[in-house]
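Chemist: Relevant sequence annotations retrieved from TrEMBL are reproduced here:
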type     : residues : note
DOMAIN   : 227-480  : domain 'GP-PDE'
TRANSMEM : 41-65    : transmembrane segment
TRANSMEM : 85-113   : transmembrane segment
TRANSMEM : 125-143  : transmembrane segment
TRANSMEM : 163-183  : transmembrane segment
TRANSMEM : 192-212  : transmembrane segment
TRANSMEM : 492-512  : transmembrane segment
Amino acid sequence: MADPPGCCSTCATCLLCPYSCQWITAKKEKRKGLRTTKYDCSWFLFLFCVFLFTLVWLYFAIIILNDFHNFNEFIFRQRKLWLDWSLVLLIATAVLISYSSVLLVLALCLQLCGQPLKLHWVHKILLILTALVVAAAFTGLGVKWAEEWKSARISLQATGPFLHIGIVGGMTLLAWPLASFIYRTHSTGLKVFLLLVFWAVMIALYLAPLGITSPCIMEENQLPPKPALVGHRGAPMLAPENTLMSLHKAVECDVQVFETDVMVSADGVPFLMHDEELTRTTNVQAVFPERAALNSTAFNWTDLQQLDAGSWFLERRPFPTVQSLSPGDRKEAAEQRIPSLEQILEAAKQSNISIMFDLRPENHSDYQNFVNVTLGVILQSGIPLQQVLWLPDGFREDVKQQAPGVQHVYGRKRLENEEPGLHINLPYQDMSSEEIRQYRQDNISVNLYVVNQPWLFSVLWCSGVSSVTTNACQVLKEMKHPIWLLPSSTYFMIWIVVDCVSFLIIIWAFVLMKKCSHRRRPAESETDVLLTKINSLMLE
């Protein structure tokens, strides 16, 4: 294996201490004749794999932040505990990636200094635990949140060109310790194997852009119009969801459609509520503690009007933006009540904003009556029917007969030979960029939900989606261009320059390390001769 030639004693000692967990100087290490064994190399390889594993998980953690509010709501429904679990995820991921990164940097620096890679047993145990934790996280993601794998695939369409540049840069830096190791090891077979693997990986990376496709690699004049914004329950980052304040904030964000959920009270009044229970977004546990677990439809309108639908927003802070609300907005939020559908329709009519809604719960025994009651309120409100987007599938044909002007939105892909002019509402994971482009050519309006992160909005914008449902209307409103837009000629130039620079740096690294190894050998030879003479004199 590799010989440990001399190195700056202080530097080597500072590197050995945290890596080997022993305060032993480099000179003592050298006197003891310690070398990096095959066993030590296997642990370095394991460290490198754990680092890559945690790096991939970090990427996934950043991607799933777009949908993490859904996870927070799921945990609340199961445990009645509200916490922004995204902070827990990011902190835990940062700890794991930082630990494995520091160890890897120490190992690479030790290799450059020619010191033995004696990883301490404590680090070995922690690395195994790190790998198990990340593996458990991936397993849980695949079992309970499988659609996020589709989110990762979509994200690669946006980040692929830039990840390629980063990976090429990382492999280029890795050439330095690799060259150092190759010129110090005596095993010819190992040298050949490492060089073949390294250059095979580099050639694959250099040619990778041939297989990278991204909807945002296009000329600016080919960019489709910016997608319209649909406020998911209004503007839930700026106001309590499904309230009049949330609708008004959505209007301020230039949202064109207010998306909401409608339920019908026990005495036949349609009102806005997403959850089947009232516990998350009202103070029902304080006002009606014995009835808090009942379905929202079990309460009459008089009872619902007694509930506070805004204070929870200030207390639980479902989004970080709550902290930056003005005193006036805080006061208004605290005064919010559950609005009826009639109140929302009146506000939508005055603000000239469309309303799209689901009617819940779909499995209720009196669902047909819910449809009739809701439709009656819409017809009596006087709102132009073209501003009403009807999502429920149940009894859709009855709705078409009673209110032919209502726009119907379908939660499915189009059927064969279906007429153009269709409106489709689907999760963003369920449609590819190719399908979006085809639907756009066929004059089919596509709305995808829920899109909160600028990177995701950029990909869908470049793909040509008609509109997106979002929690972050105040963020997406300010975007003037997709953040990933890159002309194909510019990307080609970046690709060639990065590859050429990387190749030259790698060649330079091997040449420089070869010269350094040649300079060391005469000095090492003279030292060996001197030690031999001293040993002979002592024996005499």
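Backbone N, Cα and C atoms are what each Cβ position is placed from, and that goes for glycine too.
Each of the listed features needs to be described in terms of its position in the shown structure.
Modeler: For the transmembrane segment (41-65), same-chain residues at least 6 beyond its ends with a Cβ under 8 Å from one of its own Cβ atoms are 1, 86, 89-90, 93, 96-97, 100-101, 103-104, 107, 117, 119, 124, 127, 130-131, 134-135, 137-138, 141, 145, 148, 151-152, 155, 453.
Beyond its flanks by at least six residues, the transmembrane segment (125-143) meets 46-47, 49-50, 53-54, 57, 60, 64, 92, 96, 99-100, 103, 149 of its own chain at Cβ-Cβ distances under 8 Å.
Same-chain residues lying 6+ beyond the ends of the transmembrane segment (192-212) with a Cβ under 8 Å from its Cβ atoms: 160-161, 164, 167-168, 171, 174-175, 178, 181-182, 491, 495, 499, 502-503, 506.
Panel annotation: around the transmembrane segment (492-512), residues 161, 164-165, 168-169, 171-172, 175-176, 179, 182, 202, 206, 209 of the same chain, lying at least six beyond its termini, place a Cβ under 8 Å from a Cβ of the stretch.
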